[in-house]
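A.B. asks: Okay, handing you the structure first.
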Amino acid sequence: MERREIIAIALFLLATLGTIFGVFAVEKIRRNKLYDLELIARAPEHGNWLPQEFTVSYDTEVTMLIRNIDTATHGFAIPQLNVAAREIKAGEAKTVTFTPTQRGTFDFMCTVWCSDRHLEMRGKITVE
Amino acid sequence: MKRISLLTVFCVFCAAFVYGEDRYLEVRAKRFAYTPSIIKVNKGDNVRIRLISEDVAHGLYIDGYEIEISAIPGMDGHLTFIADKSGKFMFRCSVTCGEFHPYMVGYLKVGINWNLYAGAFLILLLGIGSLTAALKANENSHKKLFGVIPLSWRYELTKFKPVRALLKSRWFPFTFILFNLFVFVIILIANFVGGYSTGNYNFGVMMVWILWWFLLMTFLVPLVGRSWCMICPFPIFGDWLQRGKLISVGRQKSWGLNKRWPNKWRNLWPLVILFFLSTWFSGFFTVRPLAGGVFLVLIIGSAIVISVIYGKRTFCLFVCPVSGFQGLYANFSACEVRVKNPEICKDHKPKTCVVGNEKGYGCPWMELPYDMNRNTYCGMCMECFKTCPYDNIALNVRPFGTDLVAERKHTDDRYKRRGLDEAFKALTMMGIFLVFFRAYQTPSAHFKDMIRGTTLKGFLTYIAEATVVDFLVIPIIFLLFVFLSKKASGNKEVSLKQAFVNFSYCFVPLGIAIWAAFSINIILANGSYLLHVFSDPFAWGWNLFGTAKVPWSPFLTGVMPYLQVLIILVGLAFTLDYGFKFSHQTYANLKEAKKGWVPMLVFLLAVTIFCLWLFIG
């Protein structure tokens, strides 16, 4: 095969498969390095928080990635631990970092009026 | 008595003009509409708006005034301003509230809309000027654009050696296609990762339906014709399959079934229908990432399937939904690929631009490059530059729109091209504009619910309405004026159908202008989302270029109405100039052409003023 053809095919594979694998590999490494937890924000009728319950360790810094994959703005707060991300717009991702200094199970919830069932958009965090 | 009442009216008018009243308004916001959706105040009024949200967080941003408030249920927003600018201003939601959020709009109308009157006056002035010029026209007038620029004027870009060398290289336009392929891979990942979320924060939706559409309608098609087709990445898979080579020259004949597309469909009809069908679902794929992704995959998939069944670029020519208007509107563009000297081609056998040689493929778009005189079916793939051994193909800059008056060729008659197919493409583009305008730039909540399919009945009603408007109402109104034109001309020989077809090309320059005016509203208002999606294409919290946190910031919304008027006036100027040329082509002599042109001119001015009213009135 000609050299030109080989270069073209290599570039083609780079643009397609290379991009796909590259994007997902970079994201996997990035997430493992940067975040301890990932939380997906959705209104209750679209599936609610995912996960709705999770556990963190006492006195250890936690970095959470909160992704809003929904159609309306959401917020995030754990009032008893004094943690909040005021406004996470639809299609946006925000990072929250905190060190839990109390043991027990606490409520977390959405803080922006996001749907008629906004008040049901809550979950539980356990600190061990 | 009469004098007194007139005086009173005058005083009240002045008072309203000079001393503003206090106006207090309650505006209720609910997903994708405001009530009231049209607010009318007098110029100088001191306006207080209380924004009440009835479902989720909403905002209110007023174009031109560039002020904003937001509200959440239970916590109202308050806005006070002095309405010191007159005209119509769009106000829009400024807090992402759902998939139709960018199209949640209302109108603020302040005082007397001088812009509208001034615009309409300019349109009429242009009409009168054009009519005067038309009535003075002599036998040679049709050879010049605006009576100044000869239609035969050409400036050959390929006379420069580097340009010709570039077009002859097999890396052109391949490199651009590869880059586009890379962009579209990211678009597709973003579309599928984005799933259910809103389109305005999605790379795929923003790139395709905001940026691409704007570039296409405002620059690419009017300036360079089918330049998008040149760099479109979708046919690359089919080309590779058919040719066996990605960049080099492989098989000229596809190993696939290599069937021939039926003769009676070798015109724009399939594309008229397919584009119309795809607009039915615009309320899904232009706002929801997942639906957009499915739409793109369907296009790419059918491109591959068609390339295996049929020969060459059958998909691009007769199946790709966005190919039709690009082909038709490309006739207006200022660029063309043409033969330099037809005498050289006469003695050249075999014609390598058609059958191909070791340097390149025979025209993938199944044109006869040596005989081509219109842009409709020229995909600007640049293969003929490579295959011509005499360097007899040129890339020319030309006056806008010269193809609109090009002579008919035998292939046109053979495949029934340039008949009702192109006429209906031009007319349905106007109908589709009306639907898009109503859905995306008017406050109509009811219509938005229909187009986004909240109820099946509503969605079906919308489809029925669009079909009736596009294929019956608009063509019948147009036909009526064509009939009047024929009556006025006194000509008995020319058929009504021929006059209908000839005059339908008026909607090429006018259509481009109206779509450009439509797109400029969307890009100026929502272009700033692009900065966000460039930095964070998959909504994973990336910040590639440091612009992920840029808030939504509408751009030049105060200047927008003037830009729209300007675009419409330029489009109309071309429409009227070419319109009279079509009249000259249709009717037997200049006298008939002048008489027959008057009803058409009146109709076109009415259509333009109506569109102006839609945009700024």
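Even glycines carry a Cβ here, placed using N, Cα and C.
TrEMBL: automatically predicted annotations, no manual curation.
What TrEMBL records for B:1-127 is domain 'Cytochrome oxidase subunit II copper A binding'. The domain '4Fe-4S ferredoxin-type' feature in TrEMBL is assigned to B:368-398. Per TrEMBL, the feature transmembrane segment maps to B:114-135, B:171-194, B:206-225, B:268-287, B:293-311, B:423-440, B:460-484, B:505-532, B:552-576, B:597-616.
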A.B. asks: With CB pairs under 8 Å as the measure, which of the listed stretches B:206-225, B:423-440, B:552-576, B:597-616 comes out on top against the transmembrane segment (B:114-135)?
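C.D. replies: Looking at each of B:206-225, B:423-440, B:552-576, B:597-616 in turn, the most contacts to the transmembrane segment (B:114-135) are made by B:597-616.
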A.B. asks: Using a Cβ distance cut-off of under 8 Å, indicate which of B:171-194, B:206-225, B:293-311, B:423-440 has the most pairs with the transmembrane segment (B:505-532).
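C.D. replies: By Cβ pairs under 8 Å, B:206-225 leads among B:171-194, B:206-225, B:293-311, B:423-440.
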A.B. asks: With Cβ-Cβ distances below 8 Å as the criterion, list the same-chain residues six or more beyond the ends of the domain '4Fe-4S ferredoxin-type' (B:368-398) that contact it, or say none.
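C.D. replies: Counting only partners 6 or more residues beyond its ends, the domain '4Fe-4S ferredoxin-type' (B:368-398) has Cβ contacts under 8 Å with 153-159, 163-164, 167-168, 170, 172-173, 224-227, 229-230, 268, 313, 316-317, 327-328, 330-331, 333-342, 344-345, 348, 351-354, 356-357, 359-362, 406-407, 409, 411, 417-418, 422.
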A.B. asks: Among B:171-194, B:423-440, B:460-484, B:597-616, which stretch has the most Cβ pairs under 8 Å to the transmembrane segment (B:268-287)?
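C.D. replies: Against the transmembrane segment (B:268-287), the leading stretch is B:423-440.
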A.B. asks: Across the domain '4Fe-4S ferredoxin-type' (B:368-398), what are the DSSP residue counts per state (helix, strand, coil)?
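C.D. replies: The composition, in the requested order, is 8 helix, 5 strand, 18 coil.
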A.B. asks: So what's the mean pLDDT when you look at the domain 'Cytochrome oxidase subunit II copper A binding' (B:1-127)?
C.D. replies: 87
